[in-house]
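K.L.:
My structure is below; once you've seen it, I'll send some questions.
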């Protein structure tokens, strides 16, 4: 039957037809919750109202826990790199993890991790890795700037003290995002032990951070690196993580320095090696806006004033913001100057190049031979410049002839006294031979250009002809042609003598006429363009700006232009007084530029970016720098905002009043300046707009097609944007409006206060971004300061020389910006609690190292407790498991700022190092701390309830100050000070509630105000020598001083524990007056009892005398009693012996029984073991047979 079972036919699903179409539609449609409720309403009915209420409350609690106070989003469009601090105990794998993450993101290997390492991790995110060593100073500094902390934990050992210390530091200073990483998991051989260890560590980590905190597992190492997939997963989590803005970081600008330079004059360092240094520090600005010339604090160094701040091109730009001069893909993604990685670094006044040696390809070496040779020669310099110039041979181009110093003749010099500058100047006198050589060189160059390209030469000749005609017209009108600089070669022999002069007129001449190796820039100086006719100036500007046809004239044209100029090269010195007076009068007549007067020339918008000539490069490496205009000329000039003395107006005339009437609100405005007309024109010009406050959309009434066309033409002429970008912006704007309309229509009913608050903050963030959106960085920096995300350079003078000489890149340098009042020092009131893991209590007036704000400093705190009556009572020690007040003298820090305290930052200790934590409450000296003071006196005369007390005060004045004060005796009798006595000095009269005894002690409990010690000692750990930066020791405590000096504390004899011997006190009997006794009730009357005398004979007991028979009977009874007692005692002794023998027999029987049972068990176990062996053998024999 089994073989004849009929196989069932499989069901074939239909692929076409109405049923198949229905199934397809059903699969495509995602069933919503409403459909489910319609289909099966009983399944969604309320089964239990109590359970439903609990579920609802729990859901609301979870929702409410996710709410944070919304803050305005101030993150810039290009945020600074995210600071990731890798912390943990020594030898736990911090450097290895950083190297693996860098390799994961950039495919590059980094050797030694020195300083911050910045990488590009994605299209919109950059990361800065910083390793935190075991020094508690480094832990404190990096916890203040970290956005994310990777907490490495050695799983084979467990949690170490450094982990909990760093977590506690982070809790105090804002608590950034913390992610745990377990390492050394490959040391576990047993999987069950590994699983149990992971679970224990995870739950302990959750207790310290929060429930559900992410904990990564790095299972093992392969060839000295962590496994690729695990590192990749960790990198993905880091790349997508969101960060909550921390209050201290978002309210203060700060820079994590990644590069440092010493700008001090080498000659000054040579003469005085211990002089203060001028240092420039580089890094990404984070936090909030930084104003120029502000005050900063460098933790570990001190407070300093910034002399200058500049922003530089981003050395590690995001992919969408690359410039033309960006580095290649391999170098762009990794920037770590302290670790020797970064390629080319562009500074404000220099270019630094990291020249690779071994890993560069031979082909690349051949392509970049001139650059590499030049840089290598600069690095490997061993001779002075004069020696090298004397023996040098210069080749201007790669295939040109070599020039030697002997080929050049040194020009003659002539000393001329210049009355305008009041100094001697060196004039260069050129000979006729040099002029002939220049003409011959120009002729040869013309022939070469003729052979090169005829079509190009014709265009250039036509432009040269046009320029010559313009100059000849200018000469006919009487204006002198502009004097150009003489042709300069690369040799020192032909260099003009005044090329390095600092004269104002020469600098203004040379400002725009900077020559390049190819030729001259055909542009006049500012002074000559003012002197010349407007026609000539406009002609030359039209030629130079005519569609950008020619940027540089050819060499032949420049040589032709220079013919006749060399003889009158110094013609600009003619009529200097006349030119200066004309320039001064013209400057005074011009309207003042108030913006320029207020903000300086940096904001002058007259010169656009289009008018600037492109800076030319030499050898593909350097740019010709144009010297800035000398500002002494402008500083010494007369104020240009003043009118001429002779040009004044008579304001009494009606015509003059009418001429300025429209400058005021009450005046009559013209039609084109009327407010209503301007609003109409704005409406026609800008069209639709939406009121962000009311949400009302205003539509344009008139057709604005013509205006749109005009706007498009203007925009196309000003800003060239791609069509795709414009279309993308239009689509995004349309989507935003549709979403806003949809939200306004459907979300009104469910909007909460929290949603409204978030929307308001979002609108504020959009307004902040739109305020300076179209302004260039130079102008924007003047108004709002340097914004976060910029790579800036800060120049700080007067830094200690130890900062440079003892610089260690493994220790972080942080520049923390200080607020307007944070640079001051004053009294601070705090709430403090001793850490429960710290093994010692803190003593008042013992020095303590605090980390408050950006600073780490040592101060002397006073601990106090507030009583119920508002008195702040001084404490000698901090209380256990309780908060107390603390008053210190330190830097002014905003209220609510957290702080932590340590007693020592030197070395590492086995115990927990953080002594206390707390928060700043107040910033003034309003709290008066008082100390209890007991004054003791003794009565020397007693009159009922009045006593004379001595020994408490010394003078009458002291007694007068305390008149009316309350006093008390040790026995509890209260009294009051009445008046001072004349003798003895310091004695006074006091009244009490009851009569005092001569043995009573009277004391006065007073409160004495205590002043806070003014000690502020910054921790200067970065100034210590290399290898000793964790050995900073400041002021020592009294106990440490006694221990170090070997001083033993002398005990107070009153505090020693010794037996107290007191003489017994004899109290007088209570005497009640007879009159009072009569008035008392009988119950309270004193009972007069007679003393007992001797008992009389008649009351005493009579003596009994027995008869002889009675005596015999008594003796017999006594003998019988004695015999009975003896027999009873003998029988009891015999019974005890018998019972003892019985117990011994019983014990022997029990031992024999146990022995028999033991033997029986052994026999049984032996039989059972033999049986098991037989079964096992039989089973093995059967398996072999199978």
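In case you wondered, yes, glycine gets a Cβ from its N, Cα and C as well.
Note that TrEMBL annotation is computational and uncurated.
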K.L.:
In TrEMBL, one of 696-728, 729-761, 762-794 is tagged region 'Disordered'. Which stretch would that be?
P.N.:
696-728
K.L.:
How many of the residues that make up the region 'Disordered' (1130-1186) does DSSP mark as helix, as strand and as coil?
P.N.:
56 helix, 0 strand, 1 coil
K.L.:
With DSSP helix as H/G/I and strand as E/B, how many residues of the region 'Disordered' (1078-1099) fall in helix, strand and coil?
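P.N.:
Residue counts in helix, strand and coil order: 5 helix, 0 strand, 17 coil.
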K.L.:
Kindly state the mean pLDDT of the domain 'Bms1-type G' (79-244) in the predicted structure.
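P.N.:
PLDDT averaged over the stretch: 91.
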